[in-house]
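Here Swiss-Prot flags T17, G18, S19, T20, K43, I96, T97, E98 as CoA binding site. What Swiss-Prot lists as substrate binding site is Y159. Residues or ranges marked as active site, tele-phosphohistidine intermediate by Swiss-Prot: H247.
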Amino acid sequence: MSVFIDKNTKVMVQGITGSTALFHTKQMLDYGTKIVAGVTPGKGGQVVEGVPVFNTVEEAKNETGATVSVIYVPAPFAADSILEAADADLDMVICITEHIPVLDMVKVKRYLQGRKTRLVGPNCPGVITADECKIGIMPGYIHKKGHVGVVSRSGTLTYEAVHQLTEEGIGQTTAVGIGGDPVNGTNFIDVLKAFNEDDETKAVVMIGEIGGTAEEEAAEWIKANMTKPVVGFIGGQTAPPGKRMGHAGAIISGGKGTAEEKIKTLNSCGVKTAATPSEIGSTLIEAAKEAGIYEALLTVNK
């Protein structure tokens, strides 16, 4: 089992003829992802990297049976691409694009309410189910199949955590990058619920950062519902108030959203937190040993 995607997921790439999309399409195909279609308006009928290109998402879905799309479309047009995917009733749309205007995303979020399409992102690295399906921009080779779920607001910290786990012989089920923007689709609790219900996932790494209250809300949900150990890390511990740290959503405002507050809440809800990024792997091992599941997590031959 895994969450959201697996080896049978049929994927379309929106904006496939752009240079960034082409590069990552090849990487995803090399990983074994079933990319069955691309979409670029006005370029239907072309074939790139062996993938047929269509003018619309609807046409691509009807012709190929794709159920998930990944968006590599420039920021001014990305919101419309998400809406088009939702109108086609895709199961999930993963938006990699950064710098989408906040008001665009507010409209998108409102539009998606009550619809079946799940949005992951924007401004995220994507979703990967180890050794099965990679949708996004993450380095595939560091991910190995196992029993730890990863959910994160940060792309590069996800890679750091996954690499540490793999080096320790601990594989992963699925890693989900939910993105660093203030208005996004899938949140921590959505992914934690999925991991909690997934038989293969035995423990979870959750990586947050300053800004907003998503981590605090997730911590309360974990305390009330989670049946598996969760370890956390919060980025931005040295950030001064009012200074945006990389992501649009990573800003402390009105005294809220500090790393200190988030860490305190996580710890009070039973989530062990790593003090630095380099300790994420060892913190998970510590929690796994306490839960008596450490041996079960050792799935990677070192």
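For all residues, glycine too, the Cβ spot is worked out from N, Cα and C.
What you see is a predicted model, and the numbers here were worked out from it, not measured in a lab.
Feature annotations (Swiss-Prot) mapped to structure.
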| residue | record | Cβ neighbours (10 Å) |
| --- | --- | --- |
| T17 | CoA binding site | 17 |
| G18 | CoA binding site | 16 |
| S19 | CoA binding site | 8 |
| T20 | CoA binding site | 14 |
| K43 | CoA binding site | 14 |
| I96 | CoA binding site | 27 |
| T97 | CoA binding site | 25 |
| E98 | CoA binding site | 17 |
| Y159 | substrate binding site | 19 |
| H247 | active site, tele-phosphohistidine intermediate | 21 |
The rounded CA-CA distance in Å from K43 (CoA binding site) to the residue listed as 'active site, tele-phosphohistidine intermediate' is 33
State the Cα to Cα distance, in Å, between H247 (active site, tele-phosphohistidine intermediate) and the residue listed as 'substrate binding site', rounded to an integer. 17
S19 (CoA binding site) and Y159 (substrate binding site), compared by Cα position, are separated in whole Å by 23
Sorry to bug you, but what's the C-alpha spacing from the residue listed as 'substrate binding site' to G18 (CoA binding site), rounded to the closest Å? 25
How many Å separate the two farthest-apart Cα atoms among the CoA-binding residues T17, G18, S19, T20, K43, I96, T97, E98? 24
For the C-alpha pair, I'd like the distance in angstrom between T17 (CoA binding site) and the residue listed as 'substrate binding site', rounded off. 27
Alpha-carbon distance [the residue listed as 'substrate binding site'; T97 (CoA binding site)] in Å: 18
Using the alpha carbons only, what distance in Å do you get between T20 (CoA binding site) and Y159 (substrate binding site) once rounded? 20
Pop the Cα-Cα gap between E98 (CoA binding site) and Y159 (substrate binding site) into the table, whole Å please. 18
Three-class DSSP assignment, T20 (CoA binding site), comes back as helix
T97 (CoA binding site), DSSP three-state class -> coil
